[in-house]
Amino acid sequence: MSASKEGKEKKGKLLGVENISPPKDKRPATRMKLLNDVGAGEDSEASTTTTTSRTPSNKQEKRGSVAGSRIKILNEEILGTPKTEKRGATKSTAPAASTVKILNEKKTPSATVTAVETTKIKTSPSKRKKMEHYVLQAVKSENTKADTTVTVVTEEDDTIDFILADDEEVVPGRIENNNGQEIVVTEDDEDLGEDGDEDGEDSSGKGNSSQTKIKEIVEHVCGKCYKTFRRVQSLKKHLEFCRYDSGYHLRKADMLKNLEKIEKDAVVMEKKDICFCCSESYDTFHLGHINCPDCPKSFKTQTSYERHIFITHSEFSDFPCSICNANLRSEALLALHEEQHKSRGKPYACKICGKDFTRSYHLKRHQKYSSCSSNETDTMSCKVCDRVFYRLDNLRSHLKQHLGTQVVKKPEYMCHTCKNCFYSLSTLNIHIRTHTGEKPFDCDLCDKKFSALVALKKHRRYHTGEKPYSCTVCNQAFAVKEVLNRHMKRHTGERPHKCDECGKSFIQATQLRTHSKTHIRPFPCEQCDEKFKTEKQLERHVKTHSRTKRPVFSCAECKRNFRTPALLKEHMDEGKHSPKQQRSSMRSAVKIMERTDCAICDKNFDSSDTLRRHIRTVHECDPDDIFGVEPHPSKRAKKDIESEEVVPVALNTSAGSLISSQTDGNGVVVREFLVDEGDGAAQTITLENETYTILPLDGAIEGEQLTDEAGVKPEAKKEEAQVSPVVKKEQRKSLAASLAAAIADNLEESCSEDDFSGEILTEEDIKLKENVGKLIDMLVDPPILKKYGWPNAPEETVLCKVIENCGHDLTKGGENYAELDYGSRMREYCKLLFTVVIHNDSIKSLLNNFPIDDVIEYVLGDEDQDEGGLDKDNESHSGDEEAVSVTGETKTNEIREKPEKKEVSAKSEKKEIVGKAVDKDNSEEVVRENKKKPVGEQEKA
């Protein structure tokens, strides 16, 4: 405790401050800091001639620290009398003003603030010189118009200015001298320029008008170039553009100490063919990505750049260059610099920009026609196109383009590697770097490197966003002139690069080279003679060979393929091909093919496999659970019987087309409807009134067309055994007749023109139709598809509407698509979809080399093919087969009509209706076959 008290007494005696213990109810002592190191480093033996006869020793504090010698002024409860001055006291500008006190209590000062005096502290001359560059001031301003400065006056009229310390907490209060005069000490923010006035107003409002405040002058220093700023915002803005490295001034101080050594090393470097100002080889000197702001030279490394700045662009103009705008550091370096102008072949340089030239008239021309000219209008323009030039030789070379004269490549500038000739030596040197792989110019903003400085400058425009070249037609801007020239060819329609094989023309030579590879097909298949353009296409083709090599075991009856003999044997053991099972398998196949609409979202699909995949992916449910759920009645009412097709091969089901050509037009359409009652244990419906139409058509009211629920009897199975086969035959015939009449009445309303266009589709057309449907689902948004009537509308209609909606008129194309068959029409529509609607160059290139069917499958991907293979395997396990077919021998066309479903009891039954259109002979054949069957089989049927 005694040691701390002695320290406080010493600090207090530095300016003659009384150290009186503060009262308990006062705040902690306020600290003030002298930013100039006046008392730093002095010996404890140095004495003064005032009340403070000895200064404290501050050897522990290093010079350059944030805090200099600190003065701690303690609070005083009672105003004390000043001590008597000792021998050797200095003169003061105001009497009895050597004591400064800080009081926490608020008192109104009786007089204005006067200057504070103290004795001089002796400092060595070296220390004094080092402190000359500090400019430290604390300014206090009154609410009145009088402004004074608080200073510490020394013996030799020197002033020691001080400010409040930043790192110590400043307690607001008043400074009072021996005469009772007080100085208000306020707390200012770090940014004085913005917040100082507001704080001053708050503090001054608490006292009288005679109260004053002390403002801090805080200097914010840049850590790179050590430039000071009054505001934080100014410092932040400066840091964005400061080009100096953080340690440049430290290295500059070392170079100043070793200036003589640098001069000796410069002479040695010149003898070794190394540039003395940047220490780079003369082969690639002054060529890099770090540009000098004072001259046109650039450098590869930061060290070379700093050495150049230190030697060539000195802050003093004691040794200026007589040729260029450089200011050398010493006379010896100036001599080397001027010798460099002469020995390196460019003795003439511009005083403004520093660019050097080999001849004097080049310099004069530069000074006349460049931005360094006093008269900026000294330019030369082309009289043909009004283009402006600064050099006469550039104008002459430009005029050769109008005359049609081409610059001839000189054979002396020939590359020995590729035997190409160039216009000049500089272009040859740049070209040689493409063979050697040398890229000396790297971008400082990314990792790219370039073989020429021009390429680096063009690349940097992409980082800066500079686009100096703009199109006069569409005002689109570009960073490189070559890109603009290529863009202009789009407006003019110029395509100078033409393919010799197919005659196609392109804008760029690279596009032609890429296109030529399509004719070369460098990837041949080792197993066949086919060739492919890309390696990916070859890999896809090789997979087809692996699939065909796999052994196939076919069923002799149904021509079905199986992977293993065990699967084939299992298929034969199931007895699917026995006469008794063929009819049930037909009905099971019809049952499988019937359900293609989703019971959740009412969306229709081409096949049950697509429906299953939709349920798994979209609704995330098990398809087996959904298949047993009936759709909502409101959704079922929207579906017509004629909107479903069982046999995709025969789309023409009109009455005229179903009559065989061999009947000479005398055939009659007779439709037979097979009603699947389910297994024998389920409840069945007994037709009690044959005069009723028992199938709900077009969502009619159930009570009008169906028998009521009283017609459904639990004991229906027993009653069925009492019905004779003749009655059942008549009932079945009446049912078929009524259904045929109902369908004929609603045929024109419910069936679309495309479904009954009278065209017979092949298997390829059916596959194309399915792929087009998937393509439409993938490319067009669902709201637009719903607007066009999808999925109820046919694929061809929706595809035509999509193409016409995109602005292409199918009637003005000059082609009559109506004369083509279904497959050709769909292929032409798909080509229009890819070329006119979808602007994709990769798809267009595929169309030039592959048929449209392959392009559609390529767009859809290989997923459908893989799933198709899995579906075949699953079908082989299940043993179900599609038994509905069309044969020319029997002249039979089959379609499926799907009626509305009626829930009769808890175990509702699905009725599946299959219509057969046959002529008279075939219909009688069917009736005779039904007569031959036993009664039990008829009941089961």
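Cβ coordinates are placed from backbone N, Cα and C, and glycine is handled just like the others.
Look at Swiss-Prot and you will find 1-97 (among others) tagged as region 'Disordered'.
According to Swiss-Prot, the compositional bias 'Low complexity' annotation covers 47-57.
According to Swiss-Prot, the feature region 'Disordered' maps to 176-211 (among others).
Residues or ranges marked as compositional bias 'Acidic residues' in Swiss-Prot: 185-202.
Taken from Swiss-Prot, the feature phosphothreonine covers T186.
The zinc finger feature in Swiss-Prot is assigned to 220-242 (among others). Per-residue confidence over the zinc finger (220-242) averages 73 (mean pLDDT, predicted model).
Long-range Cβ contacts of the zinc finger (290-313) within its own chain (Cβ-Cβ under 8 Å, at least 6 residues beyond either end) map to 243, 245, 248, 251-252, 255, 262, 266, 276-280, 284, 324-329, 333, 337, 353-355, 440, 444, 453. The zinc finger annotation in Swiss-Prot covers 290-313 (among others) and is backed by sequence analysis.
Counting only same-chain residues 6+ beyond the ends of the zinc finger (319-341), those with a CB under 8 A from a CB of the stretch are 259, 262-263, 266-267, 270, 275-277, 294-295, 310-313, 347-354, 356. Per Swiss-Prot, the feature zinc finger maps to 319-341 (among others).
Look at Swiss-Prot and you will find 348-366 (among others) tagged as zinc finger. Listed by sequence, the residues of this chain that lie at least six past the ends of the zinc finger (348-366) yet keep a Cβ under 8 A from its Cβ atoms are 294-297, 321, 323-326, 341, 372, 391-392.
Feature annotation from Swiss-Prot assigns zinc finger to 380-402 (among others); the stated evidence is sequence analysis. In the zinc finger (380-402), the DSSP tally of helix, strand and coil residues is 11 helix, 4 strand, 8 coil.
Look at Swiss-Prot and you will find 413-435 (among others) tagged as zinc finger.
Feature annotation from Swiss-Prot assigns zinc finger to 441-463 (among others).
Marked as zinc finger by Swiss-Prot: 469-491 (among others). Within the zinc finger (469-491), the DSSP-based counts of helix, strand and coil residues read 11 helix, 4 strand, 8 coil.
Among the features that Swiss-Prot reports, zinc finger is placed at 497-519 (among others), with the record citing sequence analysis. Counting only same-chain residues 6+ beyond the ends of the zinc finger (497-519), those with a CB under 8 A from a CB of the stretch are 486, 489-490, 533, 845, 848-849.
The zinc finger feature in Swiss-Prot is assigned to 523-545 (among others).
Per Swiss-Prot, zinc finger is recorded for 553-577 (among others), and the stated evidence type is sequence analysis.
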Problem set entry | Helix, strand and coil residues within the zinc finger (413-435) as assigned by DSSP | 11 helix, 4 strand, 8 coil
Exercise. Per DSSP, what is the residue count of the zinc finger (441-463) in each of helix, strand and coil?
Worked result: 11 helix, 4 strand, 8 coil
Exercise. Mind checking which residues reach the zinc finger (469-491)? Cβ under 8 Å, same chain, six or more beyond either end.
Worked result: 458, 461-462, 507-508
For this session: Please give the sequence-distant neighbours of the zinc finger (441-463): residues at least 6 beyond its ends with Cβ less than 8 Å from one of its Cβ atoms.
Result: 287-290, 298, 430, 433-434, 479-480
For this session: For the zinc finger (348-366), give the DSSP counts of helix residues, strand residues and coil residues.
Result: 7 helix, 4 strand, 8 coil
